[in-house]
Amino acid sequence: MTLQPTPADRFTFGLWTVGWTGADPFGVATRPALDPVEAVHKLSELGAYGITFHDNDLVPFDATASERELILKNFKAALAETGLKTPMVTTNLFSHPVFKDGGFTSNDRSVRRFALSKVLQNIDLAAELGAETFVMWGGREGSEYDGSKDLSAALDRMKEGVDTAAAYIKDKGYGLRIALEPKPNEPRGDIFLPTVGHGLAFIAQLEHGDIVGLNPETGHEQMAGLNFTHGIAQALWAGKLFHIDLNGQRGIKYDQDLVFGHGDLTSAFFTVDLLENGFPNGGPKYDGPRHFDYKPSRTDGYDGVWESAKSNMSMYLLLKERALAFRADPDVQEALKTSGVFELGEPTLAAGETTADLLADASAFAEFDADAAAQRSFAFVRLNQLAIEHLLGAR
């Protein structure tokens, strides 16, 4: 397998990733700003499929109409010249001080109206550029103090904002779907819709939830101490994995945004295994872009930025190679059988069986030997050892 990425791999990068200048809460920028046109050309040279952006990554918040027109003209020309796509667009409702208490859930109604208008205008741009997904990350939607929010009203306002945007997409006939991006905290002390599970529960309450799904991020779920592969699996199972953000994270701490696979490597392996191979017993598969949302080390110049971009794609392709070999290994297939993974794919009730039939089946309870069943060895360690051996290239 070649480690040279091609557009067929569908690797995408946020403009805010390779364009991150290194400024953080404790220090100023360590790199100059990156021209979006240069980012398009460089990512194309590296074999990427697409580039994504927040509205203000591309067009400054205070740009004039003529400045905006020129920026978009140059950006579109670069896309046309390189063939790079813009599969996803999102809106910045977190950087400007006006959003210090949120966008959709600010206690200031005028700010909420401004935020919603900003989102609707950005939806128009996303559709114009041929995007398929419109991500919403509510980084400022939350609080530090529980008494500062009517939590029911905040969720009502979040629902109102998302439903209004979704209805606008439908009214305009745009081929867009909305993907909510969960995160537990940072920059707010507590962010609304902190995990995949919260996101799924929220979507179930929406009027236009049919076009609203999720954009889980590796580090965001792991910041909450959760299993990222389990999270995306449930989103996929629910038909709501609309987009995915891949990066690296080491434990419960601030959002590290490392190169994919440079954090929890075993978790990264099983993430790629799920994305590429699907569930062992079949079921829905993810067919969207493999999007990298990371930060190049602020200790590097732009030579290091482009090396880190290549590293994300190389790590994914290496893990894909290992994951394909893992599933194709006869020993692994036998271990999956021994561990009961295939048996888990069998319905507990027989076809057409009722609860009355189950209760009448003596073998299911009265004659069931719990002590004997408890002696079964599932050999999960053996199965995991095989996975690690494939991950390390030992098989």
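Glycine residues also receive a Cβ, built from the backbone N, Cα and C atoms like all the rest.
The shown structure was predicted, so the numbers you read here are calculated from the model rather than taken from an experiment.
Taken from Swiss-Prot, the feature active site applies to His54 (among others), supported by sequence analysis. The C-beta environment of His54 (active site), restricted to residues of the same chain at least 6 apart in sequence and closer than 8 Å, consists of Gly14, Leu15, Trp16, Val89, Thr90, Thr91, Asn92.
The Cβ of Asp57 (active site) has 22 other Cβ atoms within 10 Å, all protein chains considered. Asp57 (active site) falls within a helix when secondary structure is assigned with DSSP. What Swiss-Prot records for Asp57 (among others) is active site, and it gives sequence analysis as the kind of evidence.
Counting only same-chain residues six or more apart in sequence, the Cβ atoms lying under 8 angstroms from the Cβ of Glu181 (Mg(2+) 1 binding site) belong to Val135, Met136, Trp137, Gly138, Leu214, Asn215, Pro216, Glu217, His220, Asp245. Per Swiss-Prot, Mg(2+) 1 binding site is recorded for Glu181, Glu217, Asp245, Asp293, and the stated evidence type is sequence analysis.
Taken from Swiss-Prot, the feature Mg(2+) 2 binding site applies to Glu217, His220, Asp255, Asp257. Asp255 (Mg(2+) 2 binding site) falls outside any helix or strand according to DSSP and counts as coil. With a 10 A radius on its CB, Asp255 (Mg(2+) 2 binding site) counts 19 other CB atoms from all the protein chains.
Asp293 (Mg(2+) 1 binding site) is 14 Å away from Asp57 (active site) when you measure Cα to Cα. For Asp257 (Mg(2+) 2 binding site), the number of other Cβ atoms no farther than 10 Å from its own Cβ, over all displayed protein chains, is 20.
Around the Cβ of His220 (Mg(2+) 2 binding site), 28 further Cβ atoms fall within 10 Å across all displayed protein chains. Compute the center of the Cβ atoms of Glu181, Glu217, Asp245, Asp293, which mark the site for Mg(2+) 1; besides them, the chain residues with Cβ within 8 Å of that center are Val135, Trp137, Asn215, Pro216, Thr218, Gly219, His220, Ile244, Leu246, Asn247, His291. The Cβ centroid of Glu217, His220, Asp255, Asp257 marks the Mg(2+) 2 site; residues of that chain outside this set whose Cβ lies within 8 Å of it are Lys183, Thr218, Gly219, Met223, Asp245, Asn247, Gln249, Gln256, Asp293, given in sequence order.
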